[in-house]
Amino acid sequence: MRDKIKNARRLIVKVGSALVTNNGAGLDPAALDDWARQIAALRARGREIVLVSSGAIAAGMQRLGWVKRPHEMHRLQAAAAVGQMGLVEAYEKAFSRHGLQTAQILLTHEDLADRTRYLNARSTLVTLLELGVVPIINENDTVVTDEIKFGDNDTLGALVANLVEADTLIILTDQRGLYTADPRRDPGATLISEGRAEDRQYEAMAGGAGSGISKGGMITKIRAAQRAARSGAHTCIASGRETDPLLRLADGEAVGTLLYADSTPLQARKQWLADHLQLAGSLIVDAGAARALDDGRSLLPVGVVEVQGEFKRGAAVACRDEHGTELARGLVNYSSAECRRILRRPTSDIEQLLGYIDEPELIHRDNLVIR
């Protein structure tokens, strides 16, 4: 099973607050530089890495001289605003020493729930990866309340895995992995090497909340692994304090706990599209486009003869032949109004007709399910 991690091409690495801030003592430049070194080595092997980093609130608390995490929402948000500045600066310096550029992306759950914003975020992240940039993602704690109060970056890491169709989510924490019981209370607890992410017994094994510095505990990591598995991504929970955990995992070494998914990211995505989409309209296609869809290719504007219904970018639409038979369904890259302006036209005309081009196809093949 460890070959699943060894063969992964796109990975999400989530680093917890306790690691980033050395248990609340302040940002730990040496630790950040070490992760940057490992990620640079993985990039050199052809891996694509997205970093999800906690630590803004904890770093802000240290800068403001606060010992205890406050309960008032406005004070948490103030700490996040102060800490995010130092967090991004420290990461930028660390990665630049290893020849890598970084990009800051602050997300909320609303960004990933709204289809248009979801597609925009996905396009940006995929482009950054293609450019060789390391995206550094954090929750936008300054403007979001529910995420600070109830949320955690373990969940965000799983959502980002879905967003970019990652193969693997690696959660680095201050524990070696998942144990059969809380090792701080039960000396007989043993480390679980691997298992199915959807196995419900792991929730019972996970302990309570984390430290006063971090928000989540092991239970949030298990639930994040379950969420990632539904996107087809495997999850490894490992200690960020061990030597070279990322490189050792990439070499197939049995580090931490591997919770594996039952399907690939693309299979999971296709299943989700088939089961959950509510159609907002239809695209009527000609015979050539119908053959292309049957062959598993993307739908281009030139093959569309009619647009039915009113919908926004990111909506689910049916692809039908000229007799009305549904051939496929998927997520459309342009609104109904935009589709009407570019139908029957080659992709090269999109920018001239609209003044911009979001994507070269109306529906990408990865966002299509053949009926």
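Just so it is clear, glycine is given a Cβ too, placed from its N, Cα and C backbone atoms.
Note that the structure is predicted; figures quoted are calculated from it, not measured.
For the ATP site, Swiss-Prot records Thr173, Asp174, and the single candidate of Lys4, Lys6, Lys14 listed with them is Lys14. Residues of the domain 'PUA' (280-357) grouped by DSSP class, helix first, strand second and coil last, total 26 helix, 23 strand, 29 coil. Fewest Cβ neighbours within 10 Å among the binding-site residues Asn153, Thr173: this applies to Thr173. If you compare Cα positions, Ser54 (substrate binding site) sits closest to Lys14 out of the binding-site residues Lys14, Thr173, Asp174.
Pairwise Cα distances among Ser54, Asp141, Asn153, the recorded substrate-binding residues, top out at 11 Å.
Asp141 (substrate binding site) sits 16 Å from Lys14 (ATP binding site), taking the Cα positions as reference.
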